[in-house]
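Positions annotated as signal peptide by TrEMBL: 1-22. Residues or ranges marked as active site, O-isoaspartyl threonine intermediate by TrEMBL: T35. If you look up TrEMBL, you'll see T35, T112 marked as active site. The feature substrate binding site is assigned by TrEMBL to S81, T112, D113.
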Amino acid sequence: MLVFKKSALGALLCCFTLPVLAELPTITVLATGGTIAGGGISETKSNYVAGQFGVDKLVEAVPQLKDIAKIKGEQIVNIGSQDMNDQVWLKLANAINQGCSGSDGFVITHGTDTMEETAYFLNLTVKCDKPVVMVGSMRPATAMSADGPFNLYNAVVVASDKNSAGRGVLVAMNDAVLDARDVTKTSTTAVTDL
């Protein structure tokens with residue numbers, strides 16, 4: 001189910017201004033690797049290795065984040081999502097449940113191969129009512145047209161919005177916000193795969 005349509009996300013992004021905020025929210029970015037943190041030998045070649053860049057590099061790639069939230073980063077793992085397992089899922093759930101009182105929302109960077117499974121698992125196990133938003137990309141960070149920075153920006157905007165609280169785990173990618181129960185990867189190459 002599409003929680004917000006593209007136009008609604010666009011309106012949220014357009015209307016999100018600093019004067020409305022008394023203080024910037026604190027968003028914790030939990031990084032797990034994936035294509036969003038992937039690196040290749042060339043900006044134009046499609047070969048890359050997932051999980052090459054840490055959370056600090058991902059956040060640095062989007063300097064506009066400082067205008068919408070105070071970002072705390074934590075590197076959970078740095079793997080391709082095909083290597084995701086229940087130990088990492090439990091580590092993510094524990095990081096959110098234990099960090100709930102110290103953060104206004106959470107963004108999880110993740111590979112798209114198993115994003116739907118992780119989103120569903122966390123939707124069942126996270127006890128924190130604050131926004132939890134998963135994000136990934138189809139192009140690595142070193143690609144000429146990397147989609148990760150824009151997706152990360154949108155995910156932080158969604159996690160910063162109090163209207164995202166209490167909705168369970170959300171996935172923000174490609175100008176859309178999706179409910180964890182309804183996310184399905186439909187293509188291994190298309191940017192609009194979820």
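A Cβ is built for glycine as well, from the same backbone N, Cα and C atoms used for every other residue.
Positions of TrEMBL features highlighted on the structure.
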residue : record                                            : Cβ within 10 Å
T35     : active site, O-isoaspartyl threonine intermediate : 27
S81     : substrate binding site                            : 23
T112    : substrate binding site                            : 23
D113    : substrate binding site                            : 18
Maximum Cα-Cα separation (Å), residues S81, T112, D113 listed as binding substrate: 7
For T112 (substrate binding site): DSSP state (helix, strand, coil): coil
Rounded inter-Cα distance in Å - D113 (substrate binding site), T35 (active site, O-isoaspartyl threonine intermediate): 9
Cα separation, the residue listed as 'active site, O-isoaspartyl threonine intermediate' to T112 (substrate binding site) (Å, whole number): 8
Assigned element (helix, strand, coil) containing T35 (active site, O-isoaspartyl threonine intermediate), judged by DSSP: helix
